[in-house]
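Here TrEMBL flags 10-279 as domain 'Tr-type G'. Feature annotation from TrEMBL assigns GTP binding site to 19-26, 89-93, 143-146.
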Ligand code: G4P
């Protein structure tokens, strides 16, 4: 039994893909599903939102479509080459929200997809910063090599400069776009020559024919330039260091094209090989919970409420930290000390939601909830109490003033507001002087969901007044003088009564810093 637990945990890879919209996250995911046999055709994942006879990713999407709001951060679980892969989706575009960030707290590694035509884009940078603070491995896939993009050397140095991480090229492109010859794969010590969409030739670097220059391509300037660049990079650049990869200080960089599938399998093989299996996690008392310990432990990183308005169900997403989950088992909800029977759970597959029988450390399961669970809750089996640290709060960037439309409905407005804030749907502030309600979010979708849910679940309609984007900075109450507030830096308090300045823009923040150099401005994660 224990040996089995060991084996199951070791073969798990739980990760998220971070990228700016349109960099190719969906296309890469699709290839992973294709290679693993979970889907049969490219284009399936994209079926979301399109009229298609192919099956949709999950039935949630149907529900979301009916609601007109897409809020799912789904989890896909597939078997790839003997590994159990859990991909946790990080919604982008208009779906971007605090949930996107919280999801990153539940993974053991990240794949960062960069469009070679564009380089590091804003959303990638934001997500990178959150992941980077966790010190987990980050793997980079430079995508769209089938198109003419920016110079590879330029892309790698931009990555290092903008993100402040060292990079190590695992493979190097030989040409790009129409002139794409293939990849010089340093990790596997071979060349991958692309002849056509269906035909790649693998040539070992020690192949005598290659060494003697008998292949035609060795005469091309594209080939010699690529070899020169890669050699230069490896002599002058960073050395590969597994330790540094493990703590997120060095990112292995792979080039490829998700659309044509070129370089994707190589990347995935290296990824499952190098990415870590579930790690041990420290509790609030400093105890270290080993993933292979027998007792089940886990924490809730996301609650998806009322996905089906007809059933009003809530699903709590649990990241299992240790042990084995078995359907119907009892656990303790640490916050209340109450016993929780895990009878109705779900796991997430590429094509459907299914009731699960068992799951292991590293997996993510969905627990049907009737309103007892909160984001950040710890659950544990056995008699020994376990409490994992709270999830961080993230600095919101967008703000709205809210007030109830109907003053007669104050009570439901306050109740709804309190519950939704507690659930982490939005963050709540009160202005110092006028006591107005201000809500903050990292993505505009959060406001939409908030408004929708207040109306539908609490029967409270709200007026919302857009305040636009602001830079929120926390300050020590001892350093505060309410006179510091002005129209360009509004003073508010958060729900824990801590003072916060909402700066109009960076200039306002800098102006404030110059004027009050003694005041320390802090941001959340
Ligand atoms: P995302 O999930 O990160 O938002 O990106 P997604 O995979 O949806 O890809 C965004 C667009 O970029 C899609 O085109 C997709 O086909 C294209 N794309 C992804 N990978 C590559 C690549 O390696 N090379 C090239 N040339 N294009 C790539 P679209 O026209 O917006 O969508 P579709 O109509 O093709 O589905």
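Cβ atoms are placed via backbone N, Cα and C, with glycine included.
Curation plays no part in TrEMBL annotations; they are all automatic predictions.
Here the structure is a predicted model, which means the values were calculated and not measured.
Structural mapping of features recorded in TrEMBL.
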residue	record	Cβ neighbours (10 Å)
19	GTP binding site	25
22	GTP binding site	15
25	GTP binding site	25
90	GTP binding site	25
93	GTP binding site	12
145	GTP binding site	26
Three-class DSSP secondary structure - residue 25 (GTP binding site): helix
Secondary-structure category, per DSSP, in which residue 19 (GTP binding site) falls: strand
Assigned conformation of residue 93 (GTP binding site) - DSSP reduced to three states: helix
Predicted model, mean pLDDT over the domain 'Tr-type G' (10-279): 85
Three-state secondary structure, which DSSP defines for residue 145 (GTP binding site): coil
